[in-house]
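According to TrEMBL:
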- 35-131: domain 'PH' (DOMAIN)
- 152-212: domain 'FYVE-type' (DOMAIN)
- 218-265: region 'Disordered' (REGION)
- 244-253: compositional bias 'Acidic residues' (COMPBIAS)
- 254-263: compositional bias 'Basic and acidic residues' (COMPBIAS)
Amino acid sequence: MVDHLANTEINSQRIAAVESCFGASGQPLALPGRVLLGEGVLTKECRKKAKPRIFFLFNDILVYGSIVLNKRKYRSQHIIPLEEVTLELLPETLQAKNRWMIKTAKKSFVVSAASATERQEWISHIEECVRRQLRATGRPPSTEHAAPWIPDKATDICMRCTQTRFSALTRRHHCRKCGFVVCAECSRQRFLLPRLSPKPVRVCSLCYRELAAQQRQEEAEEQGAGSPGQPAHLTRPICGASSGDDDDSDEDKEGSRDGDWPSRVEFYGSGVAWSAFHS
């Protein structure tokens, strides 16, 4: 489904059209051998609420962004290498259908499609691309994944102390390790999680204790084995009052101008509908 499209004029035109929709805010997407296989609108479960996002599936990456104006312009481009992706089907409920989770080491999130058929198309195409990428790179499937953030509306109280009630004055925060919604008092510590950020990030009190204990054990094993290990200042957990680092800037701030988006519209003016996959 890929080889016969690589380096063709129609593929180049499709990729150029995607680049132009992101404008100066996006990274260039055209590379030798890269093929745009499909595109469509999926509902992404963000921190504040579920929002429509435009997704583009290439043979080696998954790209998504927020919808801004005129149904043809996007911003906040996110690029996910497919060899890092693992998919997980989620159970159906009366309120939530056709959902699955896209998991990577740096970020995991839930999306849903308009129908079960559309969900199956997305999943089967993504998984096939992942398999091809893993074979091409010789990498094993990813086994370490970031925890998805639990949506704010899922709880009115801190999920750690179960005492603090959130309000307009008492902010919700998210632990970067477990994804729980927690209060400021239960998430005062920071810990360096290199796969998520080069800087120490907010973690809840329970995850902090577990991470610190794991670090002490690893340091003890290194010393017992006679290896020098890393200097303490490079791995030391950092404590302190929270700052504004919990703003989910790539999801909440960007969505203020998202408009209504029809489930199926024409793409490139060429009769190719959204959620269609090129073959």
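Cβ coordinates are placed from backbone N, Cα and C, and glycine is handled just like the others.
Note on the domain 'FYVE-type' (152-212): its mean pLDDT in the predicted model is 94.
According to DSSP, the secondary structure content of the domain 'FYVE-type' (152-212) in residues is 14 helix, 11 strand, 36 coil. Secondary structure of the domain 'PH' (35-131) per DSSP (helix as H, G, I; strand as E, B; remaining residues coil): 19 helix, 48 strand, 30 coil.
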